[in-house]
Each structure stands twice: as structure tokens, then as C-alpha cells.
Amino acid sequence: MNWLEERMPGIGRIAKDIAEHPVPSHTLNIFYCLGGLTLLCFIIQCLTGVFLAFYYKPTPEAAFASVQMITNEVRFGSVIRSMHHWSCQLMILLVFLHMLRVYYTGAFKKPRELNWVAGCFLLVLSLGLAFTGYLLPYEQLSYWASVIGAETANTLPVIGPTLKIMMQGGIKVTAEMLSRFYVLHVMILPAITIGFLVAHFIMIRVQGISDPM
């Protein structure tokens with residue numbers, strides 16, 4: 001730390017402030033850990049997702065075969081894919097439970113309204129990550145689920161038809177749908193999610209943790 005302090009003055013103070021920052025005694029229970037557990041699941045998905053991206057091929061001809069290769073041939077591939085899958089399921093559950101806790105304890109009220117809004121966006125982004133990832137194995141179930149999702153988007157007022165075309169890559173389902181979902185899943189949505197997470201944690205640090213009801 002002294003070596004870093006000489007080259008980056010103030011970093012020791014920042015590290016000490018983070019490590020020794022006090023938290024209210026009422027937060028020392030599992031219900032106040034739901035947000036942190038959600039973040040842990042997101043980190044697991046990022047790490048396992050990088051591993052999966054080394055082998056996955058986002059084309060209609062090769063997508064399913066590459067997933068099968070990861071599962072059956074790549075060393076620890078089945079374990080990594082399972083970790084990615086189940087951390088996603090757990091993350092969605094934890095996001096809902098975290099928001100229920102925040103709502104029940106009134107932690108969304110003034111002056112934390114913007115943090116609540118950021119949390120709502122994070123919920124939508126989490127669902128978007130789950131939905132776009134579902135198509136990537138490109139099997140019958142995931143294909144038709146994505147078609148249904150595009151048709152559901154089509155029912156939105158004003159922007160629905162345009163959104164459907166953007167998702168499908170045309171009037172009908174095309175090969176572009178897979179590549180677009182892949183880019184959304186591994187680049188755009190994670191980047192936006194990280195941005196909202198940073199804002200979320202900054203607001204928590206500035207405003208502090210809310211008092212119990």
C-alpha cells in the first residue's frame with residue numbers, strides 16, 4: 001500500500017474509508033444483504049460469460065453446436081455454463097426480493113427516489129439480460145420464446161412495430177436476430193447495467209442506508 005500511496009497519493013485514505021466505513025446495526029441481517037448478493041450473481045455471470053464467449057459462435061448454423069461443444073467437450077464447460085445459468089435465475093429472484101425489502105421498509109422515499117428509479121432500471125436490465133441470453137443456444141424452445149418476445153414487443157403503443165423489426169432484423173425473423181441479441185447480451189446491456197450499478201452505489205454511499213420503519 002505504501003508503494004501505491006507514493007505514486008497515487010490519497011489511495012490509502014480511500015481504501016481505509018471503504019474498509020472501515022460504519023454501517024447501521026439494523027442492517028446486519030440477511031434482508032439487507034440481498035443487494036450485495038445480487039451484485040455477486042452479476043459478477044459471476046460476467047466472469048462465466050467471458051469464458052463462454054471464447055467458444056460460442058453467434059450464427060444460426062453454429063450456435064447450437066457450439067453450446068453442445070461447451071457442455072460436452074470443453075473442460076469444466078458444463079460447470080461454467082451451469083453457473084452462468086443458475087446465477088441468472090438467482091439474480092432475478094434476488095432483484096425482486098431486494099426491491100420488495102426496499103418497498104416494505106420505505107427505503108424508496110425522500111431523499112432516495114432517484115436510487116429507487118435506478119433500481120427499477122436495473123430490474124428491467126436484468127430481465128433484458130435474461131431474455132436476450134435465452135435465445136443464444138438457438139434451439140427450438142429458445143427460438144420460439146424469442147419470437148413470442150418480439151411479438152409481445154409489437155403490442156407496445158407507437159414504438160411496438162419498430163421495436164419488433166429492430167429485434168428481428170426485418171419484417172420476419174432473420175439470422176440477424178441472433179447476432180443482435182448476442183450484441184445486446186454481451187456488450188450493450190452489461191455496459192448499461194454497470195453504469196446504473198455505479199450510480200446506484202454512489203447514491204447509497206452519499207445518502208446512507210435508510211433507517212428502519
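Cβ atoms here come from the backbone N, Cα and C positions, even for glycine.
Per Swiss-Prot, these features apply:
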- 30-50: transmembrane segment (TRANSMEM)
- CYS33: heme c binding site (BINDING)
- HIS84, HIS185: heme b 2 binding site (BINDING)
- 88-108: transmembrane segment (TRANSMEM)
- HIS98, HIS200: heme b 1 binding site (BINDING)
- 114-134: transmembrane segment (TRANSMEM)
- 184-204: transmembrane segment (TRANSMEM)
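Shown on the structure are the features that Swiss-Prot records.
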residue	record	Cβ within 10 Å
CYS33	heme c binding site	15
HIS84	heme b 2 binding site	18
HIS98	heme b 1 binding site	22
HIS185	heme b 2 binding site	22
HIS200	heme b 1 binding site	20
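Under the three-state DSSP scheme, CYS33 (heme c binding site) falls in the coil class. The CA atom of HIS185 (heme b 2 binding site) is located 21 Å away from the CA atom of HIS200 (heme b 1 binding site). Taking the Cα of CYS33 (heme c binding site) as the reference point, the closest of the binding-site residues HIS84, HIS98, HIS200 is HIS98.
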